[in-house]
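Participant: Below, the features straight out of Swiss-Prot:
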SIGNAL    1-24  signal peptide
DISULFID  26-48  disulfide bond
DISULFID  30-52  disulfide bond
DISULFID  33-65  disulfide bond
MOD_RES   247  phosphoserine
């Protein structure tokens with residue numbers, strides 16, 4: 001009883017793997033039958049696969065496929081079977097990659113036929129690549145030489161750049177020596193003594209351009225209070241006769257306009 005339970009346990013454990021293997025073999029055999037028939041529509045691959053897996057009660061399609069597989073194995077020699085397997089592989093590749101194989105498949109086959117691989121050539125893979133892709137490999141070699149030349153040219157340019165930087169640094173040091181030697185002469189020209197005397201006289205004469213000499217005392221007080229207002233609006237200055245009356249009006253104006261008069 002224990003052995004039977006152990007066997008059942010093993011079957012349960014191995015069941016999914018065996019089932020997947022059987023399914024793969026059934027689908028492969030049915031696809032092979034459908035491919036080898038003159039008219040693939042005579043055999044339904046889906047029905048054949050289901051009958052092979054035992055999911056359909058009828059076994060007509062699967063029996064026909066098995067007979068076809070046995071006949072092809074008996075009739076075909078080993079070389080033919082290998083060629084047939086190659087055809088099947090190419091057919092699967094064509095299904096998988098579609099238009100790519102249609103466009104470039106003939107070129108790949110032609111290259112394989114023109115340059116078949118031998119034992120010695122397999123050992124020397126570089127020669128085979130040279131035969132197959134000769135001009136392309138030469139072009140790559142030329143590009144490598146060009147890259148080497150360009151690297152040498154780059155080194156020369158970098159060397160020239162370093163020399164130029166050294167010369168610029170030397171020129172900068174020379175400029176520093178000149179500035180140390182001549183000081184403020186490089187910043188601006190120094191005025192002559194004659195020009196300095198003239199500017200001093202002009203400053204003495206017109207320096208206080210906004211200042212007025214000989215103003216009355218009441219006007220000085222008035223300017224202290226309302227100087228900014230007068231500068232902004234440039235009102236006419238009162239005469240000496242009107243000074244007293246104008247000074248009496250100032251407190252009234254201050255009361256009326258207050259902070260507006262202050263700036």
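Glycine residues also receive a Cβ, built from the backbone N, Cα and C atoms like all the rest.
Small disclaimer: the values here were computed from a predicted structure and weren't measured.
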Participant: Taking only same-chain residues 6+ apart in sequence, whose CB is under 8 Å from that of residue 65 (disulfide bond), what do you get?
Facilitator: 29, 30, 33, 43, 48, 52
Participant: According to DSSP, folded down to helix, strand and coil, what is residue 48 (disulfide bond)?
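Facilitator: Going by the DSSP assignment, residue 48 (disulfide bond) falls within a helical segment, counted as helix.
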Participant: Looking at Cβ-Cβ distances, which residues of the chain lie under 8 angstroms from residue 26 (disulfide bond) while being 6 or more apart from it?
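Facilitator: Those within reach of residue 26 (disulfide bond), by Cβ under 8 Å and sequence separation of 6 or more, are 48, 49, 52, 53.
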Participant: Looking only at Cβ atoms, how many others are within 10 Å of the one on residue 30 (disulfide bond)?
Facilitator: 24
